[in-house]
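Straight from TrEMBL, the features:
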REGION    1-20  region 'Disordered'
TRANSMEM  32-53  transmembrane segment
TRANSMEM  73-96  transmembrane segment
TRANSMEM  131-157  transmembrane segment
TRANSMEM  184-204  transmembrane segment
TRANSMEM  225-246  transmembrane segment
TRANSMEM  266-286  transmembrane segment
TRANSMEM  298-328  transmembrane segment
DOMAIN    337-444  domain 'FAD-binding FR-type'
TRANSMEM  560-582  transmembrane segment
TRANSMEM  603-623  transmembrane segment
Amino acid sequence: SKDMDHKSARVSAKTPSSGDELKDVIKGLIKLLMLVIFLGYVFIWILMPTLIYRTKWLPVMRTEFGFSTYFGLAGLTLFMLMFPMLLLACLGCLYLHLKKQKTNNHLIREKATGRGVLAAMRRPMLVKGPLGIVSATELIFLAMFVALLLWNFFIYLRNAFPMITPQSAAKLHQKIWQAKLEAMAIRIGLVGNACLAFLFIPVVRGSSLLPVLGLTSESSIKYHIWLGHLLMTIFTVHGLCFVVYWASMHEISQMVTWSKTEMSNIAGEIALLSGLVMWATSYPSIRRRFFEVFFYSHYLYIIFMFFYVLHVGIAFCFIVLPGFYMFMVDRFLRFLQSRDNVRLLSARVLSSNTAELTFSKAKELMYNPTSTLFVNVPSISKLQWHPFTITSSSNLEPETLSIVIKSEGKWSTKLYKMLSTWDHDTDRTLSVSVEGPYGPVSTDFLRHDALVMVSGGSGITPFISIIRDLIAMSQTTTTCETPKITLVCAFKKASDIAMLDLILPSSGLKLSSDLNIQIEAFITKDNEPSDEETQKIRTVWFKPSPSDRPISAILGPNSWLWLAAILSSSFIIFLIVVGVMTRYYIYPIDQNKSKYNAASRSILYLLVLCVSIMMTSSAAVLWNKKKYKVEGSKQVQNVDVPSPTSSPSLWTDREIESTPKESLVQCTNLHFGERPDLKKILLDTKGSSVGVMICGPKKMRQEVANICSSGLAENLHFQSISFSW
């Protein structure tokens with residue numbers, strides 16, 4: 001009878017109700033509407049440089065959206081290019097809210113097929129090169145975007161050059177080539193705006209657009225890098241062309257002019273210089289060796305965007321503002337979340353320069369495996385925020401959240417030394433602030449029959465969260481069948497094996513017999529285990545502060561709906577205030593002339609934009625804090641904090657018997673002085689669909705990508721997780 005109950009429970013979990021079917025229909029309609037809006041948005045970009053747009057469409061649209069409304073010339077770009085993208089973001093929020101509800105109610109495993117066009121498009125196509133590991137889909141979209149840039153450039157020139165005649169050039173005291181150089185410089189700047197329009201979207205951590213496409217901000221960083229390189233290349237050429245033009249015209253003084261009615265040259269130069277500093281410090285060699293330089297110089301994006309707006313004017317900047325608008329909303333929400341100190345419960349300090357931090361978490365906060373948390377420790381640096389993969393599972397550990405930190409840079413080294421030197425007499429308090437968590441909205445790895453997770457060093461951390469989540473699923477009768485797991489981890493030293501202790505939480509949970517897992521650990525430099533003393537794990541407990549709060553979602557359980565409310569209400573407030581100001585203050589009714597110059601109008605618009613975002617975001621956060629107030633401070637005032645304790649690692653004595661983690665030892669094979677034969681492991685894995693996840697150094701990622709794209713096995717599905725974000 002128990003078996004019958006078990007089977008019926010599984011069937012009920014997989015059978016969607018009529019309400020779920022209705023939600024699926026609504027989600028399908030939302031995605032269709034989003035596709036139509038986005039195609040229309042792209043169509044405008046394609047049409048923008050053409051004569052049809054400039055001679056037929058533009059005059060009509062300026063009348064409809066500009067002069068006949070309260071927004072003046074800014075009305076055209078405001079309603080045609082900014083409004084559609086914000087509408088897309090709001091629709092994405094609604095879609096993700098419906099998807100989240102279904103994920104919470106039903107864990108339905110959808111099989112992934114290894115054959116077909118879609119499967120082939122997801123496989124790596126380019127492995128080595130400046131773009132990194134790129135799939136066929138990514139390569140096609142990149143080629144389409146570059147084609148859009150080239151289309152804009154050549155159509156702009158084709159329409160501009162015939163208008164330049166000896167007579168028209170002579171009127172401006174120009175030669176033909178000088179007139180064409182000026183025209184080309186202007187058009188190059190227009191082309192660069194297409195890159196700027198999309199530049200900030202990949203770095204919006206709480207984006208509602210990326211998850212609809214199955215992306216995360218972590219996996220989309222490379223798109224931001226690509227767009228940044230294109231943008232700065234185009235804008236640099238734009239600036240150099242004007243410098244050459246001014247020099248040839250003996251008007252080099254134009255570089256320091258600030259026009260009150262036209263474009264401000266000096267504002268554009270300040271924006272370009274700040275962009276060049278960010279560009280130079282973002283190169284991998286500089287970023288790795290001087291991370292602080294890269295980190296702090298990227299705050300120049302504020303200078304870049306401010307002076308860009310002053311350079312082009314507020315009416316034109318609405319073309320590129322939607323992505324930056326979403327980024328500002330996300331950035332201010334992160335700022336509000338970072339104001340609170342979170343409660344740090346304990347730290348497990350390993351001898352391998354690794355520590356696991358465990359925080360208190362609100363039960364309502366749910367996240368998926370491979371999510372990341374940004375951490376700030378003011379006692380080390382008040383400005384630096386570092387991302388770490390969450391190793392805990394919200395299904396397995398509803399009240400705690402854990403991250404693993406490997407001592408590899410200056411910041412993490414200071415933190416590790418601080419944790420490892422605390423003794424019995426030290427007042428063990430540590431102030432910590434966090435942003436996040438951020439991660440995927442669905443667990444795609446459940447689609448596969450088997451999972452092969454390949455890690456190098458600290459790259460094991462995202463896979464710990466997956467294993468813990470699968471443990472939780474295997475213990476729940478209403479969940480779907482879990483895939484077979486093979487974890488292949490490579491470590492340099494024998495002391496690093498202690499990281500395997502972190503696979504299971506410190507509560508002493510035992511692996512379920514329903515979970516089919518095999519761990520192959522390779523130690524490449526050592527030929528024998530470390531002695532017991534070097535493998536000890538030290539647990540440090542922290543004294544709580546009454547002001548500390550458990551980690552919780554900044555916008556509560558219905559965060560996607562609240563984000564849609566913030567985006568829509570802030571934009572509506574902006575429209576109302578700007579409309580009234582433009583009609584009655586900037587352009588008074590009794591005077592058909594502006595009381596403000598272009599720079600003043602731009603600053604005024606930006607001020608209204610920022611205030612509307614801050615007002616609506618603050619109101620939403622305060623409402624959720626009041627409604628979902630976590631009673632954490634009352635419980636922590638008189639708590640006895642245990643002294644630091646030490647315990648042996650599982651891997652110092654392979655004859656371990658009755659411990660809660662015995663099952664973990666039994667399913668683990670240690671290989672000393674060996675490197676994993678990844679090709680053999682992957683090709684020998686059985687299953688119609690095998691998910692291959694890799695998190696490790698560049699060479700390891702390239703090797704796995706080569707195997708998956710070689711065509712030797714059609715059932716391999718490649719996914720790379722950022723190793724050094």
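Every residue gets a Cβ built from N, Cα and C, even glycine.
By the Cβ criterion (under 8 Å, sequence separation of 6 or more), the transmembrane segment (73-96) is in contact with the transmembrane segment (32-53), since 3+ such pairs are found. Contacts between the transmembrane segment (298-328) and the transmembrane segment (603-623): present, as 3 or more C-beta pairs lie under 8 angstroms, all at sequence separation of six or more. Outside the transmembrane segment (560-582) by six or more residues, the chain places 69-72, 74, 78, 83, 86, 89-90, 93-94, 96-97, 100, 206, 208, 325-326, 329, 333, 604-605, 608-609, 612-613, 615-617, 620, 624 with a CB less than 8 A from a CB of the stretch. Predicted-model confidence for the domain 'FAD-binding FR-type' (337-444) is 88, expressed as mean pLDDT.
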